Every structure is written in structure tokens, then in C-alpha cells.
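Just below is one structure, and these are the notes that go with it.
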Amino acid sequence: ADESRDAAGEARPAPAPVRRRSSANYRAYATEPHAKSKKKISASRKLQLKTLMLQIAKQELEREAEERRGEKGRALSTRCQPLELAGLGFAELQDLCRQLHARVDKVDEERYDVEAKVTKNITEIADLTQKIFDLRGKFKRPTLRLRVRISADAMMQALLGTRAKETLDLRAHLKQVKKEDTEKENREVGDWRKNIDLLSGMEGRKKKFEG
């Protein structure tokens, strides 16, 4: 049977030929315009931009300082009214001075309280910051189970049961030496010179010299 025919006997269409890219296609792809990479800024341009940014920042700081001075002047003008001293006698001037001193003392007390609060807050912030740094450098401690201390005998008893006593009796296999045997051995060892003299016949000669 012909391979180009299917089971019904009809002719199947021939597959499309595989087209390969020629060298011309590759050359065309290479010459196509692609997205250009950004150019690097030169050192002189960077220096110029930094100088410009510093100038702008300096102008902003000067403007903010001028605004703060203006706000301070307006606050002082509203709180501290100009004094009217015309037509005041000596006693009235003394009363006015006492009132001004009292106001100054009150303002100093308030300023001291505010400074104390600010110092306390700064100290607390520094302590909290240090605690944060300490916590970052530590590992989180896992929750441990309750530890129950148990002796070695109790542990072996729980593991081995009745065999624990036999296992833990380590001195059972050691050699037992009685005290009497030890004294006898010491006594025998201490008389070794006398035994040698008796065996060699030197005991009588020693008595002659001693006499």
C-alpha cells in the first residue's frame, strides 16, 4: 500500500516544505534598528548637576529660616504688647515691673518643664532604638517544653525495669579483698630481712658483732 494514502484510500496532502533562514535574513535582522542603550553621564555633567542641586537646597534652607524668623516675630508681637508708660507714677511703674517679673518667672518655669519633657522623650527614644537593635541581632527563642529533672537511677529503672538494679550494680563483678588478708600480706612483707638472715645463717654472726 502507498504511504501517501490513508486507510480510506484517499490521497493525503504533501507536507509543507521546511523553510530555513538564509544568511540574508540574518543580515536583515542584524541591521534592524533596536532600542538604543542609555548614554552614560560624563563626570563634568554629574558635577554640574550636583552643584545645581546644592544651590537649590541652600536657597530652600534660607527661605525656611526666613519664614521661621517671621513667624517668631509675629508671635512675639501678638503676645508681647508694647508698654504704655506715659503718665505712670513711681508706684505704678513698680507694680508694672513686679507683674513683668512674675510673667518672666512663669515663662521660665514652663520652659524648664518643656525642656525636661523633651529630654525625657529623647532618652526614651534612644533606649527604644537600642532595644530594637538588640532584638534584631538575636534569634527568636523557641518555646521549650517543661523540663523535668530525673536521676540516672530513675531513668534506668524506667527504661529497664527490674533489670536496672542488676545493670547498675557495677561492683558485683569486682574482686573483693578482705581486710585481714591485707594485714597478713603487709606483715609478711615487713619481715623479709629476718627471713633472709635465717636462711643465710647470718643471724648468729650479727649477734656476735652486736655483743
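Every residue, even glycine, has its Cβ placed from backbone N, Cα and C.
What you are looking at is a predicted structure, and each value in this text was computed from that prediction instead of being measured.
Copied over from Swiss-Prot:
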{"type": "REGION", "residues": "1-43", "note": "region 'Disordered'"}
{"type": "MOD_RES", "residues": "SER4", "note": "phosphoserine"}
{"type": "MOD_RES", "residues": "SER22", "note": "phosphoserine"}
{"type": "MOD_RES", "residues": "TYR26", "note": "phosphotyrosine"}
{"type": "MOD_RES", "residues": "THR31", "note": "phosphothreonine"}
{"type": "REGION", "residues": "32-79", "note": "region 'Involved in binding TNC'"}
{"type": "MOD_RES", "residues": "SER42", "note": "phosphoserine"}
{"type": "MOD_RES", "residues": "SER44", "note": "phosphoserine"}
{"type": "MOD_RES", "residues": "SER77", "note": "phosphoserine"}
{"type": "MOD_RES", "residues": "THR78", "note": "phosphothreonine"}
{"type": "SITE", "residues": "CYS80", "note": "site 'Involved in TNI-TNT interactions'"}
{"type": "SITE", "residues": "CYS97", "note": "site 'Involved in TNI-TNT interactions'"}
{"type": "MOD_RES", "residues": "THR129", "note": "phosphothreonine"}
{"type": "REGION", "residues": "129-150", "note": "region 'Involved in binding TNC and actin'"}
{"type": "MOD_RES", "residues": "THR143", "note": "phosphothreonine"}
{"type": "MOD_RES", "residues": "SER151", "note": "phosphoserine"}
{"type": "MOD_RES", "residues": "SER200", "note": "phosphoserine"}
### Message
What are the sequence-distant neighbours of CYS97 (site 'Involved in TNI-TNT interactions'), meaning same chain, six or more residues apart, C-beta distance under 8 angstroms?
### Response
none
### Message
DSSP on the region 'Involved in binding TNC' (32-79): how many residues come out helix, how many strand, how many coil?
### Response
37 helix, 0 strand, 11 coil
### Query
By a simple count, how many Cβ atoms lie within 10 Å of the Cβ of THR78 (phosphothreonine), its own Cβ left out?
8
### Query
Using Cα coordinates, what distance in whole Å links THR78 (phosphothreonine) and SER44 (phosphoserine)?
52
## Note on the structure
SER77 (phosphoserine) sits from SER42 (phosphoserine) (Cα to Cα, rounded, in Å) at a distance of 53
